[in-house]
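In Swiss-Prot this protein carries:
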- T12, G13, G14, N122, R164, S191, I245, Q290: UDP-N-acetyl-alpha-D-glucosamine binding site (BINDING)
Amino acid sequence: MKYRIAITTGGTGGHVYPALAVAEQFHDKADLFFIGSQYGPEAEMVKTFNIPFYGLPVRGVLGRKWKAFSALYSMIKAIVKARKILQKCMPDIVVGFGSYASFAPLVAAKLKRIPTAIHEQNVRPGLANRMLARLADRVFLSVPDTLHIFTKKSKVRYTGNPIRQSIVDLHYKFEDTKNSSTRHLLVLGGSLGAIAINSIVVDGLSRLFSNRIVIRHQTGVHDWERVKEGYALYGRTNSQVTPFIDDMAEAYQWSDLVLCRAGATTIAELAAVGKPSILIPFPYATHDHQTYNAQFLVRVGAAVLIPEKNVVEVDVIEKIIALFNDRVTLVNMALAAHKHGRIDAATCVANEIIDLLSANAMK
């Protein structure tokens, strides 16, 4: 018998990619459908997986100030719509991967007495998952440090943060690059881009190019034109500037050093593929969770952490150049990252979902 599984999340790739990594585990083994925000990027991201998508009229509440009342009203409407979707699709379980988009479907599932599970990617749980943890039948964590936040330990499982199979495959292709002479810098601002990181790199292009550093730069859609113009001033180079990188596995494999934000999925992927990094956490992330995420890689010696408020005082470009000039440190950072990569998370979450469904079937 095929189970019917509803997956719900949205907002950013940091939530959606772990959800899709788990969806990969159920290929041909379950009927899947995806519930997210009709305003987020998730509908497009899910298309390539051929999973039916249902959109809800919800936006985030935190940081919206006077618009929060409107957002809360939309959430109530979304719960009503989510109930109708669940009535139509009749899932055996609803699995949420955080963000405001997951709240309505999981509440609706509880109202309909459908089993639920949630996965938390960050060291510091987001608002939606903190509220939903009381209702969920299972709570999956990316890092054991988060365990103390949840009071009902019997339903909590440490699974790791699911990553895409193409990224997992790179874990086994890891190579010691101490004899390599390449200077490949991968610049990432997350799925939505990062203007601060983009500006740091554009302002430092002259120094980077003079040190023979080749760059692949994901700018985000909204800042692409500006950044592209910055690179164009230097004529033909081997560097690439794109709004979004579709094949992240290939980009990681190409890179020697990564400059990026510190979203939970990025941290998990950096560890899995064994890439040293310079991390500039997004300073306005809820509860500053990106800083807590970054500290994991810093503690094990795999990353350098630079708060965005310090980028004026700290010469980020000089840090990049110094690491490329110190191959021993760069390799040791890569080895430390690779050692702490967890690649079985998607399988663990999938197995826990099956266990929960089996237990409920026996009741």
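Positions of Cβ are set from backbone N, Cα and C atoms, glycine also.
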Cβ atoms other than its own within 10 Å of the Cβ of G13 (UDP-N-acetyl-alpha-D-glucosamine binding site), all chains, total 19
Least surrounded, by Cβ count within 10 Å, of the binding-site residues T12, Q290 is T12
Cβ neighbour count within 10 Å, max among the binding-site residues G14, R164, goes to G14
G13 (UDP-N-acetyl-alpha-D-glucosamine binding site), DSSP three-state class -> helix
Quick note, I245 (UDP-N-acetyl-alpha-D-glucosamine binding site): same-chain residues at least 6 apart with CB under 8 Å of its CB -> L188, R216, Q218, A251
